[in-house]
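Below is one structure, written out as structure tokens, with a few remarks after it.
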């Protein structure tokens, strides 16, 4: 990061929240004749570079799609690797993130997730809970539809118990039932790899997000690619449904 200078973008034109789909790790490795797992290893370093780039820009919130609820459909070998890998990444990187003033938050479901992964996620949250330079939401065992379903179930439970009236639920109160109620809406939805879809990521939060898709696979993604995406975001006219 030291040799890169972030673009000079006024704070009011910066995204407050970037959602990052870290896509293409497996394809990157396959194209190079490596095991798919090597692509994920490379992705760890790239994510840290993205965090540094966000800090340099002054972007306060980054959500990283680390493991989706659909990823359980992958081979047993790859799922086992990804569970251990996510656990070890948190263990390796939490102190460094803490030193940079990054607050780590976990967004996702507990069921099926390895207990060792949960322990590391909770340890990272506890260590970094008072940091204010930036928030990194690690989305592990996360799915946008699952999050909305879980919220709907909790609303139904409270309504059945007489704790909640239907008219109390609206666009302002519904997020209180999501995995991370304090998460701001996504401003910039960024996906490398050439794929142009949301893949069930932060569906509620991304209602008015600006989508930027880049052709580069995630292991080849650089801070400059992030800067380019943020510059494109800053040039757009966000109307939020108005004329």
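We count from 1, first residue shown onward.
Each Cβ is built from the backbone N, Cα and C atoms, and glycine gets one as well.
The active site annotation in Swiss-Prot covers 23. Taking Cβ-Cβ distances under 8 Å and a sequence separation of 6 or more, the neighbours of residue 23 (active site) in its chain are 191, 192, 193, 195, 199, 217, 218. According to DSSP, residue 23 (active site) sits in a coil region rather than a helix or strand.
What Swiss-Prot lists as active site, proton acceptor is 71, and the listing cites sequence analysis. Long-range C-beta contacts of residue 71 (active site, proton acceptor), restricted to its own chain and to partners at least six residues apart, with a cutoff below 8 Å, comprise 79, 82.
For residue 210 (Mg(2+) binding site), the same-chain residues 6+ apart in sequence whose C-beta sits under 8 angstroms from its C-beta are 15, 187, 188, 189, 233, 236, 238. Residues or ranges marked as Mg(2+) binding site by Swiss-Prot on the basis of sequence analysis: 23, 210.
Under a cutoff of 8 A between CB atoms, and with a sequence separation of 6+ in the same chain, the neighbours of residue 24 (substrate binding site) are 39, 192, 193, 194, 195, 216, 217, 218, 219. If you look up Swiss-Prot, you'll see 24-28, 36, 40, 68-70, 72, 74, 191, 197-199 marked as substrate binding site.
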CB contacts under 8 angstroms to residue 72 (substrate binding site), restricted to the same chain and 6+ apart in sequence, sorted by sequence, are 79, 112
